[in-house]
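**Q** Shown below is the structure under consideration.
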Amino acid sequence: MYKTQIVLGLLVLYMGISHSWEIAVAHGYGIGFYTNGVQTEVRTFSSYLRALAYDEVHDMLLFVDKQIDNDAICGISIPDHFYQCFLKRNGRNIHGLAFDPVTELLFFTDKNERSINKIPLVPGANNFGDLVIKLDEEIPTDIAVDSCRGYVYWISTNLPTPKIERVRFDGSEREVILNLTSAYIDPDYILKPHSLVIDQRKQRMYWIEPANSFTYHINYADLNGQIVTKTTIIDLPEVLFTNPASNRMTLSERDLFVSSWWPEFYTTISKMSKEAYVGSRFFRIVSGSVANQDFSIVARNQIRIQDIRHCEAVKCFDEKHSVDPYCVHGEKVFGRCLCKCAPGYIGKRCDVSVCDNYCLQGSCSLNDQGLPKCRCNAGYSGERCETDMCHGFCQNNGVCSLNEEDVPSCQCDEKYEGSRCEVLRAKK
């Protein structure tokens, strides 16, 4: 379903990906897949990885492939291990990723450009990304999306007063949600947020916050920035005793997961139920040695808007007037008006064949990856049979024809000769 791009330098040491993984962790040059605290699979790359997001619509893990002079946004399909890149451009410094399953848009922050951007994960999309909003002094870091209401949230930490902001998917209605002047902030509170995530079902945003040199908290607020329990809900002195920038967080339907990196290359992954009370502690599920503190973590979620009352506004059709079947060549994703298309079909309802009007002078079929390929009619060539093999072949008014093997030849005017009538005959 996606455009394929060849990425040089990819080194895959293990091709299998577990279909039942709970969390994925990117650290340096590898991605580990974990279930119940046990690493079940691992993939190793020849380039450096940063940031993770999970595309639950197409069951794909998305990440930033950081190369020498550019950042590329790439992905691995979980079912068939298919690797591809969607964005590759020099000068990028992509820090955070967030996928919206409703619009199939991938949002990302660019620290160099000081911008929030988006790219559609659909066929025919450009591979440079579209600007959502250009910031002035702020440098955006972590990012999250509110799929139900169509907002993207981000953290800016380079200012004297760090803050959490949001904007509509189209770049309108920019609004500061949290900073030190917010009415819901305690006067003694020090706002230094990082690792922002959104719980669509509970209508909350979570972030990690340092309390002092040795203790970090997980804080939450509603999606309008009203602190639910003043400043903290979870005290993590044993888990997050490290540089705050190295602590990452993700959430599943039931649990919060936090990864942290210690000074001696020691990493931990811990989790706790989202229903835990104030003062509860995480329990450690993974520990080991990792040589780089810049890593990311993501949980494998299902569609987060299913059966959520306040998400009714994002339904793409009225149930009373719904089309049956809604997905013409595919299936609904968890009963919603999102379609997972069968190979060879695209479109919101999987009603468009990838072969439609693809081969200009020939017949179309699908390759093993569900992409169109052409069998050209006699006299035509090219990826889409767009090239007339005789067009421009014969010069100087020569007449082109094809033999049985589709090899062009020329019948030249009496003044010219040569295989393409390119030579002026010598006068006798």
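Including glycine, each Cβ sits where the backbone N, Cα and C put it.
No curator has checked TrEMBL annotations; they are predicted automatically.
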**Q** Between Cys385, Cys394, Cys400, which residue forms the disulfide that TrEMBL gives for Cys390?
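**A** TrEMBL says the disulfide from Cys390 goes to Cys400.
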**Q** Choosing among Cys385, Cys412, which residue does TrEMBL name as bonded to Cys421 by a disulfide?
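**A** TrEMBL says the disulfide from Cys421 goes to Cys412.
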**Q** How far is it from Cys421 (disulfide bond) to Cys400 (disulfide bond), counting Cα to Cα, in Å?
**A** 10
**Q** Can you grab the distance from Cys390 (disulfide bond) over to Cys412 (disulfide bond)? Cα atoms, rounded to a whole Å.
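**A** Roughly 14 Å, rounded to the nearest whole number.
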**Q** Can you give me the Cα-Cα distance between Cys412 (disulfide bond) and Cys400 (disulfide bond) in Å, rounded to a whole number?
**A** 9
**Q** Kindly report the helix/strand/coil residue split of the domain 'EGF-like' (386-422) according to DSSP, in that order.
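**A** So the counts come to 0 helix, 12 strand, 25 coil.
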